[in-house]
Amino acid sequence: MTLLKNDTFLRALLKQPVEYTPIWMMRQAGRYLPEYKATRAKAGSFLDLCKNTELATEVTIQPLERFDLDAAILFSDILTVPDAMGLGLYFAEGEGPKFKRALQHEDDIAKLHVPDMEKLQYVFDAVTSIRKALDGRVPLIGFSGSPFTLACYMVEGGSSKEFRTIKTMMYSRPDLLHKILDTNAQAVTAYLNAQIDAGAQAVQIFDTWGGVLSDAAFKEFSLKYIRQIVAGLKRESEGRRVPVIVFAKGGGLWLESMAEIGADALGLDWTCNIGEARRRVGKQVALQGNFDPFALFGTPESIRTEVARILADYGHGSGHVFNLGHGINQHADPEHAKILVDTVHELSRQYHGG
């Protein structure tokens with residue numbers, strides 16, 4: 001494999017000295033970029049884009065051509081795993097992801113099993129192809145949804161505002177939900193390990209919906225299964241550590257519990273104070289975040305002010321990867337994203353070295 005020319009992102013995740021704070025953006029390859037829209041149109045549909053190795057590589061690289069980012073993230077979707085389980089993923093115009101066969105009956109849940117990873121070969125092919133295209137420029141991040149977040153879509157049959165169906169199952173038939181979650185955890189472990197084998201140099205677990213749970217439920221139905229995954233992941237590849245990032249949106253209440261599961265870093269959403277988070281768990285884990293995606297809709301001056309505030313809140317030393325507190329909004333101005341990236345690099349140097 002090619003030598004990594006910029007390993008700042010990996011070093012920051014392991015709290016090793018860096019010259020500046022690295023930055024990447026969740027959903028950095030996406031609809032806010034006109035070049036992404038053009039490639040997506042060429043692919044025909046979102047799923048076709050995910051499954052086309054050449055085009056998935058193209059859209060992964062696009063933001064790196066535009067911005068001085070310190071990592072690339074695989075272009076894919078968290079729902080590839082339940083799709084491989086045979087639930088029939090499709091995207092309804094204006095409604096987001098849907099499943100033809102939602103898991104709402106005991107018989108269907110009993111039949112659920114870890115999918116053959118060959119069904120997800122298109123993802124691993126994309127990882128290998130992207131690594132080749134990157135040619136050591138920056139590290140490549142692989143990812144998956146968390147068992148609970150995947151279960152939300154699998155049980156609800158799509159996205160939801162109140163999660164009534166899955167919460168009803170959780171409180172009335174927890175045994176059924178635990179069966180789904182355990183299957184998901186085994187599948188995600190195999191999926192991420194296969195991404196690492198294909199060339200992913202760090203992995204992130206997205207727990208997008210963990211924050212809708214009560215304190216006790218989060219620990220029993222979400223964190224327990226993320227811990228199971230982290231324990232089963234390959235942590236060494238190509239002679240270096242493969243860092244694991246866990247991002248639970250709305251998870252600021254549970255940082256101490258999350259810091260104990262063996263991950264290298266925790267992602268923070270924009271509602272957390274990063275300085276306070278560092279005081280709470282900074283000895284155990286690196287932190288990633290946590291610029292409000294909608295702060296990109298401000299002025300260039302307000303973007304710079306917000307970057308300066310977050311960097312100052314975190315303070316001196318390594319262990320911070322700058323990111324948004326959630327995915328970049330599709331209506332964001334790419335020029336403002338560029339200001340964000342360049343400002344982080346410019347203003348963060350004073351917090352490192354010396």
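The first residue you see is number 1, and the count goes up from there.
Glycine too: its Cβ is placed from the backbone N, Cα and C atoms.
Annotation comment: Swiss-Prot describes Arg27, Gln28, Ala29, Gly30, Arg31, Asp77, Tyr153, Thr208, His326 as substrate binding site. Positions annotated as site 'Transition state stabilizer' by Swiss-Prot, on the basis of sequence analysis: Asp77.
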Name the residues of the same chain, 6+ apart in sequence, whose Cβ is under 8 Å from the Cβ of Tyr153 (substrate binding site)?
-> Leu79, Pro82, Pro97, Phe99, Ser159
Could you check the binding-site residues Arg27, His326 and say which one's CB has the fewest neighbouring CB atoms inside 10 Å?
-> Arg27
Using DSSP with the three-state reduction, classify Arg27 (substrate binding site) as helix, strand or coil.
-> coil
Just how spread out is the substrate site if you go by the largest Cα to Cα distance in Å among Arg27, Gln28, Ala29, Gly30, Arg31, Asp77, Tyr153, Thr208, His326?
-> 23
Measure from the CA atom of Asp77 (site 'Transition state stabilizer') to the CA atom of Ala29 (substrate binding site) and give the result in Å, rounded to a whole number.
-> 12
DSSP three-state call for Asp77 (site 'Transition state stabilizer'): helix, strand or coil?
-> coil
Hey, what's the Cβ neighbour count for Ala29 (substrate binding site) at 10 Å?
-> 25
With an 8 Å cut-off on Cβ-Cβ distance and a minimum sequence separation of at least 6, pull the same-chain contacts of Arg31 (substrate binding site), or say none.
-> Lys37, Arg40, Gln330
Within the chain of Asp77 (site 'Transition state stabilizer'), which residues six or more apart in sequence place their C-beta under 8 angstroms from its C-beta?
-> Phe46, Leu47, Cys50, Pro97
